[in-house]
Amino acid sequence: MKSPTLLSLGYMFLVLLFFQQAWAQFPRECATIEALRNGVCCPDLSPLSGPGSDRCGLSSGRGRCEVVIADSRPHSHHYPHDGRDDREGWPTRSFNRTCHCNGNFSGHNCGTCRPGWGGAACDQRVLTVRRNLLDLSTEEKNRFVRALDMAKRTTHPQFVIATRRSEEILGPDGNTPQFENISIYNYFVWTHYYSVKKTFLGAGQESFGEVDFSHEGPAFLTWHRYHLLQLERDMQEMLQDPSFSLPYWNFATGKNTCDICTDDLMGSRSNFDSTLISPNSVFSQWRVVCESLEDYDTLGTLCNSTEGGPIKRNPAGNVARPMVQRLPKPQDVAQCLEVGSYDTPPFYSNSTNSFRNTVEGYSHPTGRYDPAVRSLHNLAHLFLNGTGGQTHLSPNDPIFVLLHTFTDAVFDEWLRRYNADISTYPLENAPIGHNRQYNMVPFWPPVTNIEMFVTAPDNLGYTYEVQWPSRSFSISEIVTIAVVAALSLVAVIFAGASCLIRARSNMDEANQPLLTDQYQHYIEEYEKIHNPNQSVV
């Protein structure tokens, strides 16, 4: 690293006093010296009389520039380094004023619509359908693959990424912001990396790894929901097709094969190297980003747009761990959906009877926590056995998109069944980044976890076409049902016998000589007729 001049150091010091530790990904208009100095990211929408004349579309009533509201409630004890990470209080360590959009308007400059709305005035309801990839027509499958490849090669039209930490963000001369362009798909990868990266504590110190703003906590589902929604919106704009939707991969097959790993879809296994994708697939040409973990952790650098090696994938190939050689079963999903509490203390990867922890895959599908278990989402990732099984790299494998759309479908079904019951989503004391009102890192404009805790068809503009498996009974439940049935049968027989005994007793009383002898003969004849029926019963 080059040493800046004394003047540059002074300049940087003044800026850092204001911003503390910051920098991630922001709108291109905000990656400027002026915006960084002022701490204001409120781009113009349609400036008619010079820069700053239409911040956030103010002239047309679309939005206004306001102070950022960041969650300040306490987080859990898992993160002991308060003040050392630029993601704390997101995004206030970078900008303290952003666009607040009115009504159904949205976007970094209020120039787009909220999810679920469209039209020039954002007053038209929009609903797209996410379907099973295997149910698409041949043309639809081809179009999806082509769209992914296009996103990999198309520069993101709005966002740039930081390539240096706050101390170096202005460059060696103190006057050159260190941001880079990045493709739409690699931006999708980068945001995931940034949410899971370790906290850099300084040169010569080991980076802190027990921090994750998008996994192992209540925000797992809400964070990944917005992550997918952002990619879907970016691809819709890229294709100029608001009806485009991300399909899903129903990984709950219980099989030891990957049914979407074919060359016409996500790529089959290479015949030349079992850890690579077949050269007949377009995805064999993809190169990964954010793989230089050692540099990030020891030098404090950030992932940049440089691409490295190929995607690695070997489904069911981890012979050292038989548990991850087979995908989850359909009944695992059915059982998971019966876990009624969204989350439970300590709101972490060891929570039990937590729907979130169950679908994330740290608990048994019934909700029971077991440190040896990897199920559902986690198991599907580990089954891929390669790039897709490494948290910081996993989105580089495009199967990530399909795996998480299905996980989101399970989440949305749970929200529907339980009326989006947020009572067990903690307001505070969740792992850092996971409180209900926390702005999810590093999305822009700021969006809270609670904003994604809603049913998608009614609030986010998409729905799923999916058939959910019915739950089968476990062996213990079958035994219980059999015992109850047997006891019920005994009870019925006993009740029937009691009734017959009482009936016979009543008949005997009726035979007593309450009348004259001539009527007794009638009774005897009556007995001869009806006694045979009693033996049948």
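Every residue, even glycine, has its Cβ placed from backbone N, Cα and C.
According to Swiss-Prot, the feature Zn(2+) A binding site maps to H192, H215, H224. The Cβ neighbour count for H215 (Zn(2+) A binding site), using a 10 Å radius and every protein chain shown, is 21. Annotation note: H215 (Zn(2+) A binding site) sits in a coil segment as assigned by DSSP.
What Swiss-Prot records for H377, H381, H404 is Zn(2+) B binding site, and it gives similarity to another entry as the kind of evidence. The Cβ of H377 (Zn(2+) B binding site) lies under 8 Å from the Cβ of V359, E360, G361, L403, H404, T407, each on the same chain and at least six residues away in sequence. According to DSSP, H377 (Zn(2+) B binding site) sits within a helical segment.
What Swiss-Prot records for C30-C41 (among others) is disulfide bond. When other Cβ atoms within 10 Å of the Cβ of C30 (disulfide bond) are tallied across all protein chains shown, the result is 25.
Note on C42 (disulfide bond): other Cβ atoms within 10 Å of its Cβ, all shown chains, come to 28. Residues or ranges marked as disulfide bond by Swiss-Prot on the basis of similarity to another entry: C42-C65 (among others).
Look at Swiss-Prot and you will find C56-C99 (among others) tagged as disulfide bond. Long-range C-beta contacts of C99 (disulfide bond), restricted to its own chain and to partners at least six residues apart, with a cutoff below 8 Å, comprise C41, C42, P43, R55, C56, G63, R64, C65, E66, G107, H108, N109, C110, P445.
Secondary structure at C101 (disulfide bond), as computed by DSSP, is strand. As annotated by Swiss-Prot, disulfide bond applies to C101-C110 (among others), with the evidence given as similarity to another entry.
All chains included, 20 other C-beta atoms sit within 10 angstroms of the C-beta of C122 (disulfide bond). Marked as disulfide bond by Swiss-Prot on the basis of similarity to another entry: C113-C122 (among others).
Feature annotation from Swiss-Prot assigns disulfide bond to C258-C261 (among others); the stated evidence is similarity to another entry. All protein chains shown were included, and the count of other CB atoms within 10 Å of the CB of C258 (disulfide bond) stands at 24.
Neighbour count (other Cβ atoms within 10 Å of the Cβ, all protein chains): 25 for C290 (disulfide bond). The feature disulfide bond is assigned by Swiss-Prot to C290-C303 (among others).
Sequence-distant neighbours of N96 (N-linked glycosylation site): residues of the same chain at least 6 apart with a C-beta under 8 Å from its C-beta are G39, V40, V67, V68. The feature N-linked glycosylation site is assigned by Swiss-Prot to N96 (among others), with sequence analysis given as support.
Look at Swiss-Prot and you will find N104 (among others) tagged as N-linked glycosylation site, backed by sequence analysis. Neighbour count (other Cβ atoms within 10 Å of the Cβ, all protein chains): 19 for N104 (N-linked glycosylation site).
Taken from Swiss-Prot, the feature N-linked glycosylation site covers N181 (among others), and the record attributes it to sequence analysis. Taking a C-beta cut-off of under 8 Å and a sequence gap of six or more, N181 (N-linked glycosylation site) has these contacts in its own chain: T155, H156, V160, S305.
Taking Cβ-Cβ distances under 8 Å and a sequence separation of 6 or more, the neighbours of N304 (N-linked glycosylation site) in its chain are I161, T163, E180, V289. Annotation comment: Swiss-Prot describes N304 (among others) as N-linked glycosylation site, evidence class sequence analysis.
Look at Swiss-Prot and you will find N350 (among others) tagged as N-linked glycosylation site, backed by sequence analysis. DSSP assigns N350 (N-linked glycosylation site) to coil in the three-state reduction, outside any helix or strand. Note on N350 (N-linked glycosylation site): other Cβ atoms within 10 Å of its Cβ, all shown chains, come to 15.
Around the Cβ of N385 (N-linked glycosylation site), a 10 Å sphere holds 21 further Cβ atoms from the protein chains shown. Marked as N-linked glycosylation site by Swiss-Prot on the basis of sequence analysis: N385 (among others).
The signal peptide feature in Swiss-Prot is assigned to 1-24; the stated evidence is similarity to another entry.
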Spatially, and counting Cα to Cα, which of the binding-site residues is closest to C303 (disulfide bond)? Options: H192, H215, H381.
H192
Of C41, C65, the disulfide-bonded residues given in the record, which has the fewest other CB atoms within 10 A of its CB?
C65
List only the single closest residue to H192 (Zn(2+) A binding site), chosen from the recorded positions C30, N104, C122, C261, N385 by CA-CA distance.
N385
Show which residues of the chain containing H224 (Zn(2+) A binding site), separated from it by at least 6 in sequence, have their CB under 8 Å from its CB.
S214, H404, T407, D408
Cα-Cα separation of N350 (N-linked glycosylation site) and H381 (Zn(2+) B binding site), in Å?
19
To which of the disulfide-bonded residues C101, C110, C113, C261, C303 does the lowest count of other Cβ atoms within 10 Å belong?
C261
Zn(2+) B site, defined by H377, H381, H404: further same-chain residues with Cβ within 8 Å of the Cβ centre
H224, G361, L376, N378, A380, S394, F400, L403, T407
Running the recorded positions N104, C258, C261, C290, H381 through a 10 angstrom C-alpha radius around C113 (disulfide bond) leaves N104
